[in-house]
Amino acid sequence: MFWPTFTVAILSAIIASQAMLSGAFAILSKALSLGCFPRVRVIHTSKHHQGQVYIPEVNFLMGLASVIITITFRTTTEIGNAYGICVVTVFSITTHLMTIVMLLVWKKNIIFILLFYVVFSSIEWIYLSSILSKFIQGGYLPFCFALVLMALMVTWHYVHVMKYWYELDHIVPIDEVTALLEKHNVQRIPGVGILYSELVQGIPPVFLRLVEKIPSVHSIFLFMSIKHLPIPHVAPVERFVFRQVGPREHRMFRCVARYGYSDGVEDSGQFARFLAERLKMFIEDENAFAVEKPENEDTDSPSGVSEGQTKPRKSARSVHSEEVIEPPMNNHVGRISSYSLQTIEEEKQLIDAEMKRGVVYLMGSANVIAGPESPTLKVVVVDYVYSFLRRNLAEGHKVLSIPKDQLLKVGITYEI
């Protein structure tokens, strides 16, 4: 009976380890989407099911941890103690969460909820109290792993949120940007500048620092945000969403690039070509909506979309239809003046010319530090733990496939 039992045990271990890995990948993928885990590479293995993911870094670390634990414990007894405490604790947590769901979501009868909780929790507490006696004999392992992982997630989420709120509180007003660009010492240089930021609205503070240190702005400047949607693919025609920033003569735009979880990030050349085509379409739409109305029409009714706004397009394929730009649908498209047509062509030719002169990708390299009056715990979390995690992450330009010869990093310090 040895070999049949041995074979069944090996197969069970393979199935259990695969389930554990799949669960870990799914949980960490959700933590990433909530901003509760450092940036790692997530590979979606299915085009139809969002939850089927693979994370190479986590897979490597879990394999390394398995080898270290096996070498350290040497016997299956202590590993079994750790596994037993882990499984029974999961049972207990599941029962408590199910009780909360029954109470707040399903709104079941309170007597039924109490009966469910008493029956299942009493059994699980008996198992848990008995297995906790093995805490010193290896049972401490899952608690140590959980403590380290929770500390990492709390640290990352706390500093990430504080950094985001700092940027929101220090958004540069559009009037200040307009006044800055109208100064004589600020020059418009050839080419296209793309500044990456997590903010989808407003001007990030790193732009003001950039212009103060280097008093020049590219002829066409875009504030770019990357957003991932919970769908497999985003159609190329719906990839980019634009908004005008400031007066039109400044040629500054806000752009949101949207990707599905199965969409790969294009290389810089292909990305720039797609961006130029969609920007020209946006310019054409904006000028088309700005045509004048005939004299016999009511002047109080809108003739198009005002500057800096987008109009929703009704599309079954669009997840966030309010962010999709609609082409001109009014009755006066055919009445666009020759001056407007000339303006559109000049703007489109300018975009092509500036794209040929080169695209520069700008990324803010924010160094987050604790304030001078911060408590010791906050100083340790922000200045040491978070800084260590940030230094050992995949850099943004590598994730976005930006060539080094087209990259300009702007250093800035946030004191939170």
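Including glycine, each Cβ sits where the backbone N, Cα and C put it.
A TrEMBL annotation is a machine prediction, not a hand-curated record.
As annotated by TrEMBL, domain 'K+ potassium transporter integral membrane' applies to 1-178.
The feature domain 'K+ potassium transporter C-terminal' is assigned by TrEMBL to 190-416.
Annotation comment: TrEMBL describes 291-330 as region 'Disordered'.
Residues or ranges marked as transmembrane segment in TrEMBL: 6-32 (among others). Sequence-remote contacts of a segment are chain residues at least 6 beyond its ends whose Cβ falls under 8 Å from one of its Cβ atoms, and for the transmembrane segment (6-32) they are 39-40, 42, 51, 53-55, 58-59, 62, 153.
Long-range Cβ contacts of the transmembrane segment (53-73) within its own chain (Cβ-Cβ under 8 Å, at least 6 residues beyond either end) map to 21, 24-26, 28-29, 40-45, 79, 138, 141, 145. Residues or ranges marked as transmembrane segment in TrEMBL: 53-73 (among others).
The transmembrane segment feature in TrEMBL is assigned to 79-103 (among others).
According to TrEMBL, the feature transmembrane segment maps to 110-128 (among others).
What TrEMBL records for 140-159 (among others) is transmembrane segment. A Cβ distance under 8 Å defines the sequence-distant neighbours of the transmembrane segment (140-159), meaning residues of its chain 6+ beyond its ends; these are 31, 34-38, 65, 69, 82, 85-86, 89, 368, 381-382, 385-386, 389, 416.
Within the same chain, residues 85, 88-89, 91-92, 95-96, 98-99, 102-103 sit at least 6 positions outside the transmembrane segment (110-128) and bring their C-beta atoms closer than 8 Å to a C-beta of that stretch.
In the predicted structure, the domain 'K+ potassium transporter C-terminal' (190-416) carries a mean pLDDT of 76.
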